[in-house]
Amino acid sequence: MSQVKYKRIILKVSGEALAGEKGTGINPEVIKHLAEEIKSVHDMGVEIGIVCGGGNMWRGETGANLGMERAQADYMGMLATIMNGLALQDGLENLGVPTRVQTSIEMRQIAEPYIRRKAVRHLEKGRVVIFGGGTGNPYFSTDTTAALRAAEINADVILMAKNGVDGVYSADPKVDPNAKKYSELTQLDLISKNLKVMDSTASSLSMDNNIPLVVFNVNKPGNIKKVVMGENIGTVIKGDK
């Protein structure tokens, strides 16, 4: 553990990252790759909490824009995050990594209800904990869930695992060839520069609790381990103002 910079982490995995190139659904090969990457960090003794998005299956905001009641649409999105979490649990356990899924909406037949003290105990015992169901409340994103769970379990960092994006840029590098990649930012920089890394609620929660973020490309093998060891491969967003 002496070479590890972050000993307890929240890994935020977008739903799109689990879909791979298809863009929708769950790609078993992506799950297998991600599970192997997580296992390599788990083998180093790092305590790992994971928050999955659900955008590969459903987005509450999209449903609301199509005329659905927003709360109902958001609940559907929460269920999508749980499906992703169960898929990732299966991938991890196939590699021998002890894993627990905790959901903010009770469904005891398939997962534990979220209990903070129990989650921390799982981490201390070397189990990976996957947090499903978002915050359990509509109108809150899974980015906010990641910030909330990070604060609750006293995580050292939130790792924002992006699908093919290796950091935060001043503009979309696919559109603007002059886009500048930032190596380090503050939470206030995100707001003042209007950089869409996470929503304002999640950003404020991270800033208020002094939790740093690292935005990096999860598709490149070894990147999760590199970030945990402190290598500068993405963009670090300092937790303070």
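Cβ coordinates are placed from backbone N, Cα and C, and glycine is handled just like the others.
The shown structure was predicted, so the numbers you read here are calculated from the model rather than taken from an experiment.
ASN163 (ATP binding site) has a Cβ environment of 19 other Cβ atoms inside 10 Å. The feature ATP binding site is assigned by Swiss-Prot to LYS12, VAL13, SER14, GLY15, GLY55, ARG59, ASN163, TYR169, ASP172.
For 20-25, the entry in Swiss-Prot reads region 'Involved in allosteric activation by GTP', with the evidence type sequence analysis. Remark: secondary structure over the region 'Involved in allosteric activation by GTP' (20-25) totals 3 helix, 0 strand, 3 coil, with classes taken from DSSP.
The UMP binding site annotation in Swiss-Prot covers GLY54, ASP74, THR135, GLY136, ASN137, PRO138, TYR139, PHE140, SER141, THR142. Every protein chain shown contributes to the tally, and the Cβ of SER141 (UMP binding site) ends up with 20 other Cβ atoms within 10 Å.
All protein chains included, GLY55 (ATP binding site) registers 23 other Cβ atoms within 10 Å of its own Cβ. Taking all protein chains in view, 22 other C-beta atoms sit within 10 angstroms of the C-beta of SER14 (ATP binding site). Within 10 Å of its Cβ, the residue among the binding-site residues THR135, ASN137 with the fewest other Cβ atoms is ASN137. Take the mean position of the Cβ atoms of GLY54, ASP74, THR135, GLY136, ASN137, PRO138, TYR139, PHE140, SER141, THR142, the recorded UMP site; other residues of that chain with a Cβ within 8 Å of it are GLY60, GLY77, MET78, GLY134, THR144, THR145. The average per-residue pLDDT of the prediction over the region 'Involved in allosteric activation by GTP' (20-25) is 86, rounded to a whole number.
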